[in-house]
Structure formats: structure tokens, C-alpha cells
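These notes are about the structure you will find just below.
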Amino acid sequence: MVNLNTVEPRNGRDYYIALGLEGSANKLGVGVIKHPRLASMSGGDNSHNCEVEILSNIRDTYVTPPGEGFLPRDTARHHRNWVIRIIKQALEKAQIMDPRLDIDVICFTRGPGMGAPLHSVAIAARTCSLMWEVPLVGVNHCVGHIEMGREITKAKNPVVLYVSGGNTQVIAYSENRYRIFGETLDVAIGNCLDRFARTLKIPNAPSPGYNIEQLAKNCKNKDKLIELPYTVKGMDLSMSGILAYIDSLAKDLFRGNKKNKLIFDRETGEPKITVEDLCYSLQENLFAMLVEITERAMAHVNASQVLIVGGVGSNTRLQEMMGQMCKDRANGRVHATDERFCIDNGVMIAQAGLLQYRMGDYVKDLSETVVTQKFRTDEVYVSWRE
Amino acid sequence: MKSPSALYNSPDITEKSFSVKESESRYRTTNGKTTGPSTYVLNAGQVDIDKPSDPKIDHVTQQPTALSKLRMELTGIQDDINEFLTERMEVAKNKKLKTQNSLEEKRIENEINELLDGGDGDNDDEEEKKEAHAK
């Protein structure tokens, strides 16, 4: 029996407050959430319906010049230099007057992610914990995405498609673990899109994936896809070859390599395709692969709902394609959130961390707060679900 | 408030301590010498908007607040540590290079000696060993 009221709220309150800190990649997020202490939470599987109230959700992104990715050292510096200011803003917005009294738990991303940025944020979390005498919880970033998605959409037991810059996984819950049914064998989908954006030298603000989505929307030849490799391998997929191929097409287009007959007309020498066409075809190809493995996972576990989480999950075309697949299945439904919750944020870390804390699982010694770059979704024991 | 300090130990160094030298300017700024953006991103056209905030000045005393003073002193100590560790990395790199070079020199010298002793340049010992192993 799951009892989410195992730990009493501090100072005799009838609600819990959690501060969440996220910094596993180039987004630095700080969020404050509130869970009422409900009697219904003492038994049963209600972790998707905590009646969460989001008190603040502040995010600052480290943005690099067009054509450049983000390096660990500079990303960590960004987080280090902004984290206090962002925490102050988040507390102020949430009207937390005295963190010593008002906060039940501080949750931070323990992994997976880039080592140096994770480390910067973990130090901030430890400092706040010692200063305010508030317990800490280390959170798996992927589980944070899943729990936030479940809470926002109220999807009880969906198949989860987790698509971001660092991860591409199809996940289903079974016996206290989020089991990975399929995943990328090489680069993540967000990384594939970001790296193509670098080749195109399009801006990294607000995000390279968003700018590719906008270019794809402007494609005028939507009925004529550029043929790209389609690399689904059982439940897994591979994207590095597709990236290398489309990169070579884009480079030939920019260089004006007229020997490439796929791009330039044999007779007139005029380009047959545009950057928008490339973006559209890349998206269609990659998203079709994702839809295929997600549908297969749904068939395996006999599920009718899909929850899309992660930064790429805010892509409306992916949501639309997944929706079409779900429509063809009995009672099929796709759940997705907007960019506030899809893209890395502090609130999702607070949500997963608070669930863990309410089950009595929090850091007893600071040695447990060491961050880790490799932290698979299925390593986490999900005590807050039946 | 007590100034911060740091202590470094390793098998080849018994103890190296880092402490604040109040007279030096590096302990009176939040902008460190070694904690800026990397040269790579600056060359790529990055505009540095992620600088640490300036120290907060107390209105009454017109001096930096206690926490700002601590931040400035830590910035200086961080610079000291970074410079020290970079230097050690350079030394370690040179040592490795020297060892590699001396191993290569030794191998060439052995080969020359073998040739001078009437060898044919092939390593017979190794071939014999391989043959024995195959049998």
C-alpha cells in the first residue's frame, strides 16, 4: 500500500512545499511547488493526482552563438553565476518569506546529464540545505519529466515517450520501475536536431529545435519528402547516420555542389530543394520512427495512452503525428504538455523529489548527493506507485 | 567572519595551503582571472552576459557585506587553486612525454645494438615464443 503521507509536513502545516533545482544541461531551472496533505493520499496509487500548485517556475537558458553547441565548462559557469539570483527570484515569486520554516524539502537533479553543470547546481542545493536546515532529495532527471507529465495531464499509467536533447526512450511502468522498452542506439533526437541546426547556422535562441520546427512549417513541398535513411532496429532506433546524411545534403546545397543531382536540377542547375524542405523531411522521418516504436510498446503493454515528455515533446508536429496513431487505436489518447513543463525546469524536479520525500526517502548523508552523468531511468525504485 | 582557506595533499606534496592575502586585488573582486568564459566561445562571438554579480555594498558602512566579502575571497582562492592545478597538470604532461620519448629512444637503441650484433632486425625471440605457444 502506497502511503504518500508517510512524512508529516514541517511546522504543523497541512501542505508540503518543495524547492526544485534543475541544471543537467543548458537550462537552469528553479521551481517551487505545493502539495496539499490529502487523506486520499494515504492509500492507493494517486501519485498522478497530487493537486499540485505551482508557486513559481523560473528558467534561464545558456545560449551560444549560431553554429555552436554548449560546452560543459561554460554551461557550468552560467549555472554557477545565475543560480543564487534565480533561486531568489523563485522564492520571491512563491512568496516564501523564511525558507527555514516554509520549505519541506530541496530537490536537485542528481543525473543523468553533463557533469560540470550538474555539479554546479548540486553545490547550490547542498549549501541551501545546510544553511536552512532543510532535507535534500537527489532526483533522476528522466523520472522528473515523467512525474511532471503525469501530474499535469492526469494520465495514470501511460506509455511514456521521452524525447530531449540528451535522451530518446520509450518507457512503461512495471513493478516499481520505469522500464525502458526502446531507446536510441546513438544520439538523442534533440541532439540530432540541434546538430543539424548548427550545420544550418540558425540561431540557438529560444532553442535550435524550435527554429527547425518553424522552418519545417514553412516548407512548400510537403507532399514531396526527401528520401532519408529510416533506421528502426526492433524497439530501438539510430539517428547518427540520418544526421550525417542530411548534413552532407545541406553542405552540398550551401557549397553549390552541382554534381549532387538530388539537390540540383540536372538541366538547369537550379536547386530543387530548400533548407525548409530539409527541415521538414528530417522531422517527418525522425518522428515517424518514434511513432512506430511507441505504437509497438503500446501493443506490448496493452496501453491506450501515450505521454510525450522532454524538450522535443513540445514540437506540435510530433504531437500531431502521435495523435494520429493513437486515434487509430481503441480509446487511444496522446498527452503532452507545453514548453513550461516539457522543456527542462525546476518544477519537475520538485514534483518527483517531493513524491520521493513523502515516501520517507531523502538524503541522510551528504555523500549521497554526489552527482552522476550516467543514471538510467530504470535504476530508480519508484516507491510512490503500486 | 573568518576568511576561507584550502589545503591540498597528494603523495608527492605533503601539504600546500591556500589562504587570503588581503592586500592583493584578486581577493577583492567577484570576477576571477581563471573563472571567465572559455577562449573558444569568446572566439565564436559569445557576448559574456553570465558574469558573476558585483559585490553588494552595505549602505551604512559603505563596505561589502559579509557574504560579498566571502564571495570575493573565494574567487581569489579559486584562482590560486586553478593556477596551481594547471601548473601540476603541465608538469605531469611533460613527465609523460619525457617517459614516452625515453622509451622510444631505448627501443631504437636496442634495435641498433641487435643489428650491430649481427641480427636481421626481426625479433627472433618473440617469433620463437609464438611458435612454441602454437605447438
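Cβ coordinates are placed from backbone N, Cα and C, and glycine is handled just like the others.
Taken from TrEMBL as is:
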| type | residues | note |
| --- | --- | --- |
| DOMAIN | A:54-350 | domain 'Gcp-like' |
| BINDING | A:H141, A:H145, A:Y162, A:D344 | divalent metal cation binding site |
| BINDING | A:Y162, A:V163, A:S164, A:G165, A:G166, A:D194, A:G209, A:E213, A:N315 | substrate binding site |
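Features as recorded by TrEMBL, highlighted on the structure.
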residue: A:H141; record: divalent metal cation binding site; Cβ contacts under 8 Å, 6 or more apart: A:E22, A:S24, A:T109, A:G111, A:P112, A:G113, A:D344, A:I349, A:F375
residue: A:H145; record: divalent metal cation binding site; Cβ contacts under 8 Å, 6 or more apart: A:Y162, A:S164, A:V309, A:G310, A:M348
residue: A:G166; record: substrate binding site; Cβ contacts under 8 Å, 6 or more apart: A:S24, A:A25, A:P112, A:G113, A:A188, A:G190, A:N191
residue: A:G209; record: substrate binding site; Cβ contacts under 8 Å, 6 or more apart: A:G165, A:G190, A:L193, A:D194, A:A197, A:G311, A:V312, A:N315
Assigned element (helix, strand, coil) containing A:H141 (divalent metal cation binding site), judged by DSSP: helix
DSSP three-state assignment (helix, strand or coil) for A:G209 (substrate binding site): helix
Env. residues of divalent metal cation site, Cβ within 8 Å of mean position of A:H141, A:H145, A:Y162, A:D344 Cβ: A:S24, A:C142, A:G144, A:I146, A:S164, A:N167, A:V309, A:G310, A:G311, A:M348
Neighbour tally for A:S164 (substrate binding site), based on other Cβ positions within 10 Å of its Cβ: 25
Structural state of A:Y162 (divalent metal cation binding site), classified by DSSP into three states: strand
Stretch-averaged pLDDT - the domain 'Gcp-like' (A:54-350): 95
